[in-house]
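S.K.: Per TrEMBL, the features are:
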type	residues	note
BINDING	Gly40, Ala41, Gly42, Gln43, Met44, Gly45, Asp64, Glu127, Lys132, Ser154, Asn184, Lys315	NAD(+) binding site
COMPBIAS	1-13	compositional bias 'Low complexity'
COMPBIAS	356-368	compositional bias 'Basic and acidic residues'
DOMAIN	227-323	domain '3-hydroxyacyl-CoA dehydrogenase C-terminal'
REGION	1-27	region 'Disordered'
REGION	323-368	region 'Disordered'
SITE	His181	site 'Important for catalytic activity'
Amino acid sequence: MQRFNAFTSSARAARGRSPRSVPHSARSLTTSVDRVAVIGAGQMGIGIAYVASKTAGVDVLISDRSASQLSKGLHFVDTLLGKEVKKGKLSNGEADQVRSRIRGARENGLEGGEFADVDLAIEAVSESLPVKQAIFSSLATHLPPHAILASNTSSISLSTLAASAVSQSGENRASQVVGFHFFNPVPVMKLVELIPALQTDPTVLATAREFAERMGKTVTQSADTPGFISNRLLMPFINEAILALEAGVGSKEDIDTTLKLGMNHPMGPLTLADFIGLDTCLSIMEVLQRETGDCKYRPAVLLGRMVSAGYLGKKSGRGFYNYDATPVPPPPRKPGLEDATESPAPYGSSEGDVDIGLRRLGGKEEQQ
C-alpha cells in the first residue's frame with residue numbers, strides 16, 4: 001500500500017478550490033469542511049482522522065507533540081486499512097486513496113503555517129483542562145479566521161474551553177468553538193455527542209453537525225453540562241451499583257447477574273466499571289459532584305478506597321474481580337477529571353476506557 005505525505009493536488013482540483021483562492025481575512029465562518037486537522041495521534045485522534053478521510057472524504061492533517069506517537073498513529077492507519085482490504089471491504093486502490101488524504105504534520109506545523117488552509121481542527125488529547133486550554137489558545141492564534149475549533153471531550157466544559165480561544169493578538173474566537181464526544185473505537189461506534197458552548201455561533205454548530213453526519217455518525221446534542229448525556233447517566237448508574245455492594249444489598253456476582261439477566265444488560269455494572277477503570281469512574285463522579293454541587297453524585301467510599309489501593313480494574317489486574325495480575329498502586333492523584341489516567345489501550349487513548357464500557361453496556365462489540 002502506498003503512503004502519501006501531502007495533500008494531493010488531485011483532491012484539491014476535484015473540489016475546485018485552490019488552497020489560498022480567497023484571502024483569509026475576507027472569509028466568513030466556514031459552512032463547508034474540506035480540510036481537517038486532528039490534534040493528538042492517540043487512539044481517538046487516529047480514529048477520527050481515519051473516518052474523516054475514509055467516510056467524509058476530506059484531507060486530514062494529524063499533529064502530535066511526540067514524533068514517535070505520530071509515527072505509531074500513522075502506522076495504525078495502515079493497519080486499519082490493511083484489515084479493510086483483507087476483509088474485502090476496500091480494494092487496494094480505495095485504501096490508497098484513503099491513505100493519500102492523511103498525513104502527519106511537521107514538528108512546528110502549527111507555528112509554521114501548515115494549518116493555514118484548515119477548515120476544522122479537532123483537538124483529541126488527554127482529558128486535561130490546562131492542556132486543552134493551551135491548545136485552544138494556540139489554535140486561535142494560528143488557524144485561519146474561518147476555521148472551526150472543536151474539542152473531543154467526554155465531560156470538560158466547552159464554555160470554559162471556548163473562553164481560552166483567544167489569539168496572541170487578542171482576537172476572541174470563542175464563537176467558533178464546539179464540542180464533539182466521539183466514542184471508541186471511532187471507526188465502529190455510530191454515535192457522536194455534539195455540545196455547543198454558550199458562546200458557539202449557530203452556523204458553527206450546524207456545520208459541525210453536518211460534518212459529523214458526513215462521517216457517517218448519528219448525532220445527539222447535549223447541553224454543556226458535566227458529563228453531557230452519556231456519562232451523566234452511566235456513571236451514577238455504576239456508582240449506585242457500588243453503593244449497593246457497599247451496603248450489602250447483594251454480592252458483586254448477584255448484582256451483576258441481576259442486571260444482566262433481569263434487565264438484559266450485556267455486562268453487569270461492576271464488571272463494566274472494571275473495564276472502564278475505577279480511577280476513571282471516580283474522577284468523572286468527582287467532576288459531576290463538584291460541578292453540580294449535588295450530593296447524589298458523591299462517589300461511593302468503596303470506590304475511592306479501591307482506587308487508593310491500586311485496584312483499578314482490568315488494566316491493573318484487580319478491581320471488583322481478579323484478572324490474574326498484581327495490582328500496581330496509582331500515582332498520587334488530585335480530585336477532578338483532569339487527573340483521569342491515560343488508557344492502557346495502544347496509541348494513548350485518553351477516553352477509551354469510558355467508551356469501551358459504554359460500547360459493552362450497549363451490546364456486543366464488533367470485532368475489527
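Including glycine, each Cβ sits where the backbone N, Cα and C put it.
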S.K.: May I ask you to report the DSSP-based helix, strand or coil state of Gly40 (NAD(+) binding site)?
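M.R.: In three-state terms, Gly40 (NAD(+) binding site) counts as coil.
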S.K.: Distance check, please: Cα of Gly42 (NAD(+) binding site) against Cα of His181 (site 'Important for catalytic activity'), rounded to an integer number of angstrom.
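M.R.: Their Cα atoms are separated by 15 Å.
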S.K.: For the C-alpha pair, I'd like the distance in angstrom between Gly40 (NAD(+) binding site) and His181 (site 'Important for catalytic activity'), rounded off.
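M.R.: Taking the Cα atoms only, Gly40 (NAD(+) binding site) lies 15 Å from His181 (site 'Important for catalytic activity').
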S.K.: Which value does the mean pLDDT take for the domain '3-hydroxyacyl-CoA dehydrogenase C-terminal' (227-323) in this predicted structure?
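M.R.: Looking only at the domain '3-hydroxyacyl-CoA dehydrogenase C-terminal' (227-323), pLDDT averages out to 95.
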S.K.: Across the record's NAD(+)-binding residues Gly40, Ala41, Gly42, Gln43, Met44, Gly45, Asp64, Glu127, Lys132, Ser154, Asn184, Lys315, the largest CA-CA distance in angstrom?
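M.R.: Between the most distant Cα atoms of the NAD(+) site, 25 Å.
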S.K.: Can you tell me whether DSSP puts His181 (site 'Important for catalytic activity') in helix, strand or coil?
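M.R.: Where His181 (site 'Important for catalytic activity') sits, the three-state DSSP reduction gives strand.
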S.K.: For Lys132 (NAD(+) binding site), which DSSP three-state class applies?
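M.R.: Assignment for Lys132 (NAD(+) binding site) reads helix.
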S.K.: Between Met44 (NAD(+) binding site) and His181 (site 'Important for catalytic activity'), what is the CA-CA distance rounded to a whole number of Å?
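M.R.: Per the Cα atoms, Met44 (NAD(+) binding site) and His181 (site 'Important for catalytic activity') stand 10 Å apart.
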S.K.: Whole-number Å only: compute the distance from the Cα of Lys132 (NAD(+) binding site) to the Cα of His181 (site 'Important for catalytic activity').
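M.R.: Checking the Cα atoms of Lys132 (NAD(+) binding site) and His181 (site 'Important for catalytic activity') gives a distance of 14 Å.
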S.K.: Count the other Cβ atoms sitting within 10 Å of the Cβ of Gly42 (NAD(+) binding site), across every protein chain shown.
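M.R.: Neighbour count, Cβ to Cβ under the 10 Å cut-off: 30.
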S.K.: With DSSP, how much of the domain '3-hydroxyacyl-CoA dehydrogenase C-terminal' (227-323) is helix, how much strand and how much coil, in residues?
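M.R.: Computed counts for the domain '3-hydroxyacyl-CoA dehydrogenase C-terminal' (227-323) are 65 helix, 3 strand, 29 coil.
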